[in-house]
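Features of the protein shown, as given by Swiss-Prot:
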BINDING   T26, I27, D93, V180  K(+) 1 binding site
BINDING   G150, A151, W152, K176, P177, S178, E179, G230, V231, A232, S233, G254, C286, E387  NAD(+) binding site
ACT_SITE  K162  active site, charge relay system
BINDING   L246, K457, G460  K(+) 2 binding site
SITE      E248  site 'Seems to be a necessary countercharge to the potassium cations'
ACT_SITE  E252  active site, proton acceptor
ACT_SITE  C286  active site, nucleophile
MOD_RES   C286  cysteine sulfenic acid (-SOH)
ACT_SITE  E464  active site, charge relay system
Amino acid sequence: MSRMAEQQLYIHGGYTSATSGHTFETINPANGNVLATVQAAGREDVDRAVKSAQQGQKIWAAMTAMERSRILRRAVDILRERNDELAKLETLDTGKAYSETSTVDIVTGADVLEYYAGLIPSLEGSQIPLRETSFVYTRREPLGVVAGIGAWNYPIQIALWKSAPALAAGNAMIFKPSEVTPLTALKLAEIYSEAGLPDGVFNVLPGVGAETGQYLTEHPGIAKVSFTGGVASGKKVMANSAASSLKEVTMELGGKSPLIVFDDADLELAADIAMMANFFSSGQVCTNGTRVFVPAKCKAAFEQKILARVERIRADDVFDPQTNFGPLVSFPHRDNVLRYIAKGKEEGARVLCGGDVLKGDGFDNGAWVAPTVFTDCSDDMTIVREEIFGPVMSILIYESEDEVIRRANDTDYGLAAGIVTADLNRAHRVIHQLEAGICWINTWGESPAEMPVGGYKHSGIGRENGVMTLQSYTQVKSIQVEMAKFQSIF
């Protein structure tokens with residue numbers, strides 16, 4: 001693909017040049033080619049985006065629930081019509097295989113938007129009787145202008161996960177995509193405008209997180225920030241949001257999630273689940289189950305089943321429909337993952353497979369890392385304690401149920417957890433003791449629109465998806481009505 005035209009900001013229903021004069025490049029990680037130069041939003045751009053959003057939000061919130069619902073449903077239709085085009089752009093920008101982006105990224109994002117479009121008429125208040133002559137009623141009102149700050153691993157899906165409930169509740173959103181993968185969020189803005197969203201209700205500001213993102217979190221005109229990213233960045237976002245104007249926050253942060261295989265599990269099923277929990281999207285999924293706990297007596301058999309499945313991974317041209325494994329999102333991220341792999345070797349973990357870059361035709365110019373499995377791991381190893389966010393699995397052995405629950409919970413993270421077992425009683429008994437916000441039994445990774453997702457501990461605050469997220473983008477107003485004559489004590 002030839003280099004794209006310089007990408008601008010999207011404010012008030014159209015493209016506009018950044019006033020900052022700063023730009024950055026977005027790179028195709030499969031081959032190192034520059035896809036586009038992208039303009040970066042500065043403080044003045046944030047100010048005008050907020051002013052635009054405030055204007056648009058008043059128009060949007062004044063529409064009826066059904067009017068808003070119809071506009072968002074039109075956006076869903078356009079997303080599905082343009083699925084293949086958007087998936088190709090997502091593949092170029094992220095490096096993910098087209099077989100994945102064309103069936104998951106846009107599809108699941110559109111599903112979330114359709115879900116919230118259908119929920120809009122359900123936003124309602126309540127009536128509370130006090131006495132014969134007085135009652136209280138409540139209203140759910142939008143927050144106003146909110147900000148979304150996205151991560152680089154699921155660019156358009158995250159933009160939809162954040163914008164769908166925000167817009168459904170009557171808010172306007174200013175969205176800052178990751179500077180690593182900024183392109184499809186701009187296309188989403190086009191689609192919202194085409195569907196009939198009032199100008200200003202969805203503005204997109206590409207830029208560097210430490211600048212554009214910080215301006216958004218500090219701006220007094222923004223009522224809430226929804227952030228997806230790493231724990232360290234999330235803490236800064238939360239601190240800035242609170243210090244500036246006590247903004248509400250939703251934080252979807254990192255994870256180091258446990259996958260527990262019990263001794264009664266079907267090891268074929270367990271190996272399939274472990275592969276999906278570690279190598280889907282080349283391991284760049286926040287919920288990945290990278291700490292795989294296996295009974296000591298099952299370790300050798302389990303390792304052989306994992307090795308057999310790694311042999312079946314197809315890393316190749318990302319647009320080949322048979323390819324199911326792509327490069328990492330960027331060269332700096334590849335280098336970071338390689339540092340973790342080197343640390344694992346240094347600390348005594350045994351490399352079962354992988355452990356280096358992929359080499360040869362089609363790989364040498366890209367950010368490719370081989371699917372890597374470490375075994376003979378211990379809980380104190382760096383690769384077991386820290387989030388790597390790459391195709392790196394760590395296998396650990398255990399002896400008892402109580403032991404594995406304790407060790408699974410021995411982490412600052414609490415995003416996800418899963419177990420594989422044939423015992424239904426054990427499944428629920430154990431899952432109820434795991435300190436994680438998203439849990440799976442005999443499966444892994446699905447996050448449907450109806451399912452609230454979010455973490456415990458350092459893995460986040462608040463939830464995305466589900467009914468409760470729609471409500472989190474509203475504020476409750478209570479109104480007392482008195483029908484009898486008011487009695488003053490003065």
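Cβ atoms are placed via backbone N, Cα and C, with glycine included.
Taking the Cα of I27 (K(+) 1 binding site) as the reference point, the closest of the recorded positions P177, V231, E248 is P177.
The residue listed as 'active site, proton acceptor' has its Cα within 10 Å of the Cα of none of the recorded positions K162, P177, V180, L246, K457.
Taking only the Cα positions, the spacing between W152 (NAD(+) binding site) and K457 (K(+) 2 binding site) is 23 angstrom. Cα proximity to G150 (NAD(+) binding site) (within 10 Å) is found for the following recorded positions from D93, K162, L246, E248, G460: K162.
Burial estimate for the recorded positions (K162, K457): highest at K162, by number of other CB atoms within 10 Å. In space, K457 is the closest of the recorded positions D93, V180, L246, E248, K457 to V231 (NAD(+) binding site), judged by Cα positions. The recorded positions recorded for this entry are K162, E248, G460, E464, and the Cα of K162 lies nearest to that of V180 (K(+) 1 binding site). According to its DSSP assignment, E464 (active site, charge relay system) is in a strand. By the criterion of other Cβ atoms within 10 Å of the residue's own Cβ, the least surrounded of the binding-site residues I27, V180, V231, L246, C286 is L246. Taking the Cα of C286 (NAD(+) binding site) as the reference point, the closest of the recorded positions T26, K162, G460 is G460. Ranked by Cα separation from D93 (K(+) 1 binding site), the recorded positions K162, K457, G460 are led by K162. E179 (NAD(+) binding site) and T26 (K(+) 1 binding site) are 7 Å apart (CA-CA, integer value). The secondary structure of V180 (K(+) 1 binding site), as reduced to three states from DSSP, is coil rather than helix or strand. Rounded to the nearest whole angstrom, the C-alpha distance between K162 (active site, charge relay system) and E464 (active site, charge relay system) is 8.
Here the binding-site residues are T26, S233; the one with the fewest Cβ atoms within 10 Å of its Cβ is S233. Cβ contacts within 10 Å of E179 (NAD(+) binding site), excluding its own Cβ and spanning all protein chains shown: 20.
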